[in-house]
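Colleague: Before anything else, here's the structure in question.
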Amino acid sequence: MNKILVLFSHPKYEKSKVNTALVNHIKDIEGVTFHDLYECYPDFHIDVEAEKGLLEAHDIIIWHHPFYWYSCPPLMKQWIDLVLEFGWAYGPNGNALQSKTCLNVITTGGAREVYCSEGTNSFTVNQFLRPFEQTANLCGMKYLPPFAVMGTHTLTDDQLANHVIQYGKLIYLLQQNLELNDFNGCFFLNDIPQLQPQ
Amino acid sequence: MTGSILFEAIVFLLGAIICVSIAKRLGLSSVIGYLLAGVLIGPYVLGFIGNEGEDIMHFAEFGVVVMLFLIGLEIEPKNFWNMRKTILGMGGLQVAGTMLLSYILFTSLGYDWKVALVISMAVALSSTAIAMQTIKEKGLMDTTFGTSSFSILLFQDLIVIVMLGIMPLLGHSDIVSSADNHKEHVNLLDKLPMGFQTLAIILSVVLIIVAGKYLIVPMLRKVAKTGVRELLIAAALLIVFSISFLMEYVGLSPALGAFLGGVVLSNSEFKHELESTLEPFKNLLLGLFFMAVGASINFIVIAKSPLTIGGILLAIIVIKAAVLFGTGYVFKLKLDQKLLLTFGLAQIGEFAFVLLSFAFGLNILNQEQMDMMLVITALTMSLTPIISIINERLILPRIGTKESVQRPMDHIAKSQKIILVGFGHFGSTVGRFLRSHGVEATILDQDSNRVDFLRKMGFEVYYGDATRLDLLESAGIAKAKILICAIDNPSVTKQVTKMVKEKYPHVELMIRVKNRYEAYDLLNLGMENIYRESLETSLVLAKDVLSKMGFRKHTLNRQVHNFIKYDEEIIRRLAKELKPGNDSYIFKARQELEQQEKFLNEDFKRGIVEFDNQWDSEHIKKALEKTKD
């Protein structure tokens, strides 16, 4: 069973109904380490050695965060800056993360329709996530398509409940070490057949 | 016994060391120890010190002088002005009330009105030395009792000028010069006509104020420039001695002049330097003063008419206590604060020695009257600490319990999860921040006036001494999640936290400590959450210094975090090395130095901080060049 590390970063978690629901559903699953960055490092003073230890102890890394200005919250960027060290995560002898798997789990206010060339945001979510994809590539990690809960401003309780269940199922699938090929061709992990209601 | 100065010094020092340590061990104020030492070595018990006691007293009065100089230093004229109502109100009421009652007492005993007036002036004054020493020792300066006492004493110190000014008007100056052989120093005033005497007094006061501004401060600046530390000590002593000399020369109390000098210098940049320089002199001299008081109790005078003296002594204490209680009542002090004030100031003070011998010099009092009053004065001073003990051990505990029971139980019964002990500078900030998050802590504080004031402001503050387990229990310690200990006094902090940890181990303790040393103590008792009040502030200052020198702020910020972490690690490691069971002060002080040395060594090993490689591409460039080769 793959060990999963959820690196969660949300500067105002206590006010986020969607993320509270998502997190509560998965944080206590066996084999999942839920790591709340804003709670651990309120002053942005990240303990790099501890973080490196956590990464080494897990097989799958999930960057779980809201999508702010087409990117992650600042503490997560700080985490990337500090933890993914030259000579450890990349560069000569930088192979600590080789063959691990990595993905983004995001929430966006705007619906899926506005993230396309014709929509107000002009680009797709996958395009906006390119920096994360390449970060994973440079560190030798497999990068999976994102799991995204979108249109949170207008989300109904039923829709949210559905997303929450899907997130739980996804975690289960990731733990079972599914072949990468299973996900090919998806823009979002939300769309893979295993997560659709039977 | 023997004229050798060395021998006398040995007797005094030995007496002090033995008696004061016994007093301290019994939990008594050091003043009692000194007084007892004085009685023991005095002419009537062991007889080591004979008639020279008076000279010693004269010398030891410098302790009072230095103390008043220091008190003056602490009062900036602005604060002085802010306190004017309490000073004038409480002080005026106390002095007027006491003088009136004792005047009635002494005239009804058949004394001449002039004699009765002089004696009642002396009686109205309390002992700044004893009262302030006790208040500071117990750390009660911030309480209502502390400030009230201070105000009253200050007013008395001021009114002495007036008393000394009036006294020559009562005297018969023509007889003075013939009877004046007991006074060794020459009084300039004796040779002046009466009107000029008052003028000279006013002039000398003005002189001190002017000289303070235009002579002393420039002189201190010059001295400070030389950078020689002992010169500053010399200058500080010179100031006090000169002022005393001047005041004595015009026949005024040197203590008063010193006080004025202190106030004048309190706005100068040398305030703290002077304070720390003179502090050790003050303590030693005050000790000597208390011993001299003890030694000057004339047991022959007492033996001659024990009943009269006993009766007058009792009457005076009752009068003083009653007036103080009444003053406290008028100014709406809480009962416990009122009692502290009543018993704390119910003695005749050291100024009485000055006033009485001045009056004797003016032939207002005869030898017998003066001897009697001197004995009574010394006795009241000796009794004060004893009365205070009775008050603290027997009376206050009962009242304290009553007051806390009288408080509405329903508030305490709410049993909030947090208990905050101590609502001074530190605790009040903690409480405000909690409250701004809607968290209402149950607050315990031992100043009942502050409790009432804060309750008016809407805080949930309860009155009481947190070292009493029953009080903590009624405040809901059994159900509490966290107890915040924001007490100023290290020994009380230790007592409270130890007790709570023992009896209620489930309560999480969050403890404010003053310094590293207090932290060691508590760490060794198994406390975890320890907050050193000076750590972060000093680092913020150091950070700002480096920033002004050109270091970048963000990098400094990160280093401050690293430093705190590093410091916390060392402190936990070094705490274990401390040997428990050695509580003596000297041992602690030496260990403190050793620890400081270890800290500096650790710093040295760590070297100049290596900045981390974060956001730094230098090492990447180097590494890449290596791979090319």
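For all residues, glycine too, the Cβ spot is worked out from N, Cα and C.
Heads up, here are the entries from TrEMBL:
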TRANSMEM  B:6-24  transmembrane segment
TRANSMEM  B:31-50  transmembrane segment
TRANSMEM  B:56-75  transmembrane segment
TRANSMEM  B:87-109  transmembrane segment
TRANSMEM  B:115-135  transmembrane segment
TRANSMEM  B:147-170  transmembrane segment
TRANSMEM  B:194-216  transmembrane segment
TRANSMEM  B:228-246  transmembrane segment
TRANSMEM  B:282-303  transmembrane segment
TRANSMEM  B:309-331  transmembrane segment
TRANSMEM  B:338-360  transmembrane segment
TRANSMEM  B:372-390  transmembrane segment
DOMAIN    B:415-535  domain 'RCK N-terminal'
Colleague: Cβ under 8 Å, sequence separation of at least 6 from the ends of the transmembrane segment (B:115-135): give me the contacting residues as numbers and ranges.
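Modeller: The answer is 29-31, 63-64, 67-68, 71, 94-95, 98-100, 102-103, 105-107, 141, 145-146, 149-150, 152-153, 156-157, 159-160, 163, 167, 170, 286, 289-290, 316, 319-320, 344-352, 355-356, 359, 364-365, 369, 373, 377, 381, 384-385, 388.
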Colleague: What is the number of residues in the domain 'RCK N-terminal' (B:415-535) that are helix, strand and coil, as DSSP sees it?
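Modeller: Final tally across the stretch: 53 helix, 25 strand, 43 coil.
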Colleague: Same-chain Cβ contacts of the transmembrane segment (B:309-331) under 8 Å, 6 or more residues past its ends?
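Modeller: Answer is 86, 89-90, 93-94, 97-98, 101-102, 105, 109, 123, 126, 148, 152, 301-302, 337-339, 341-343, 345-348, 372, 375-376, 379-380, 383, 387.
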Colleague: Can you name the far-off residues of the same chain, 6+ from the ends of the transmembrane segment (B:282-303), with a Cβ under 8 Å from a Cβ of it?
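Modeller: For the transmembrane segment (B:282-303), the nonlocal Cβ contacts are 12, 15-16, 20, 30-31, 34-44, 49, 53-54, 56-57, 59-64, 66-67, 70, 129-130, 133, 309, 350, 371-372, 374-375, 378-379, 381-382.
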Colleague: Grab the same-chain neighbours of the transmembrane segment (B:147-170) for me: Cβ-Cβ under 8 Å, and only residues 6 or more beyond its ends, written as numbers and ranges.
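Modeller: 68, 71, 75, 83, 86-88, 90-92, 94-95, 114, 117-118, 121, 124-126, 128, 131-132, 135, 141, 189, 194, 197-198, 201, 205, 251-253, 255-256, 259, 324, 327-328, 331, 333, 337, 341, 344-345, 349, 351, 354-355, 358-359, 362, 364.
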